[in-house]
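Report on the structure given below.
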Amino acid sequence: MKAYPTVLSAGPITRFDGLAADAPPRSLRTKIPVRFNPFLRLLLFVLLFAASAGVFFLGFAVLIGATSATQMVVGAAIQLLGSVLAYAILTLLIESRRPPVELAPRRALGLAWGLLFGTLAILVSFGVIWLLGGFRITGAAWPAEVGDWWRMVFVVGVVAGISEELLFRGVFYRLAEEVLGTWLAILLSGLGFGMMHLGNPDATWWGAIAIGLEAGLLFGVLYAWSRSLWLLIGFHFAWNVVQGPILGITVSGTGTQTGLLRVLPEGNPLISGGVFGAEASVVTVVLLTTVAVLLAVRLARTGGVVAPMWTRRARQRRAIAAESSAAATLS
């Protein structure tokens, strides 16, 4: 495959792990292969996900049926398998990135860092809300069925952590950045991430907006800084699992949560998050959005921002004009 050089907004990016940035495959030439068109790749991913999820759904229906006890796990497994297969086809076959830099094996240590940061983030948020009177701990608990607890870990941790990060950061953000640049890609992927949670049983508009601000923006900035899905998957997994199956707080308005602790919201819903959970608390929004802004400032100062496509093209034209002028002067 031919290499297509990248034009960045502020010089080369030096990553902490020494790997090249996962920057847009923009060519200095006038034409690039059709398969590199970001809109086409996004459409192909959606179609691949729908097709693969349909195949897995039929397979599960034939093998184990659709009983009430298995519906949640089966639906989650279909979402996970469909997203992984669609992402593999997109990155390995269509884009010919083997392996994709955001999931390169040598970067897998980012998973551990993500688990650490995600755990610290939810514990700090929980602690501040509790100190402000938003949560009441009524005691320790253990689910009546151990299997139910592990199923919840699988659904809110493994499936959400992997499939949602592949979709929103691995595909949506990455392809949007190629056209719109880093800042608009962060905003749009964060907005989409928040609105996705409107389908949850106890969803509210404020809850969706809050997730878009705190998690959507933070995850987008973290990806722009690290170019690592390992980090994001670890963070997302730890955040959800510690919040729900461990602390017993409702995760993203998904309904009553059974955890290892009994924690009830009380007082002002703006502090506790109400029935939606801690993610709808202004405490969580302020804490995580502040971290996102600080990281965004750091990202801009270190030259890690990709400019919009029209800005990059304008720079290319100016560079070509300057080279032509210099060549004419020398001749």
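Keep in mind that glycine also has a Cβ here, set from the backbone N, Cα and C atoms.
Per DSSP, the secondary structure of the domain 'CAAX prenyl protease 2/Lysostaphin resistance protein A-like' (149-242) breaks down as 86 helix, 0 strand, 8 coil. The domain 'CAAX prenyl protease 2/Lysostaphin resistance protein A-like' annotation in TrEMBL covers 149-242.
The transmembrane segment annotation in TrEMBL covers 39-66 (among others).
Listed by sequence, the residues of this chain that lie at least six past the ends of the transmembrane segment (72-94) yet keep a Cβ under 8 A from its Cβ atoms are 35, 41, 44-45, 48-50, 52-53, 56-57, 60, 64, 66, 100, 103, 151, 154-155, 158-159, 162-163, 166-167, 170-171. Taken from TrEMBL, the feature transmembrane segment applies to 72-94 (among others).
Annotation comment: TrEMBL describes 115-137 (among others) as transmembrane segment.
Annotation source TrEMBL lists transmembrane segment at 149-168 (among others).
Long-range contacts of the transmembrane segment (180-199) within the same chain: residues 9, 164, 168-169, 172-174, 205, 207-213, 215-217, 219-221, 224, 252-253, 296, 299, 304-309, 311, each at least 6 residues beyond the stretch ends and with a Cβ under 8 Å from a Cβ of the stretch. Summarising the annotation, TrEMBL assigns transmembrane segment to 180-199 (among others).
Beyond the ends of the transmembrane segment (205-225), by six or more residues, the same chain brings 102, 165, 168-169, 173-174, 177, 182, 185-187, 189-198, 231-232, 235-236, 239, 252-253, 273, 276-277, 279-282, 284-285, 287-289, 291-292, 295-296, 298-299, 304-305 to within a C-beta distance below 8 angstroms of the stretch. The feature transmembrane segment is assigned by TrEMBL to 205-225 (among others).
For the transmembrane segment (237-255), same-chain residues at least 6 beyond its ends with a Cβ under 8 Å from one of its own Cβ atoms are 114-119, 121-123, 126, 135, 141, 149, 152-153, 156-158, 160-162, 197, 200-204, 207, 211, 215, 261-263, 273, 275-280. Summarising the annotation, TrEMBL assigns transmembrane segment to 237-255 (among others).
Taken from TrEMBL, the feature transmembrane segment covers 275-297 (among others). Using a Cβ-Cβ cut-off under 8 Å and counting only residues 6 or more beyond its ends in the same chain, the transmembrane segment (275-297) has close neighbours at 121-122, 124-126, 128-129, 132, 134, 186, 202-204, 206-207, 210-211, 213-215, 217-218, 220-222, 225, 243, 249-253, 257, 265, 269.
Through the fold, the transmembrane segment (115-137) approaches residues 231, 234-239, 242-243, 247, 249, 261-268, 271-273, 278, 281, 283-284, 287-288, 291 of its own chain, all at least 6 residues removed from its boundaries and within a Cβ separation under 8 Å. Mean predicted confidence for the domain 'CAAX prenyl protease 2/Lysostaphin resistance protein A-like' (149-242): the pLDDT average there is 94.
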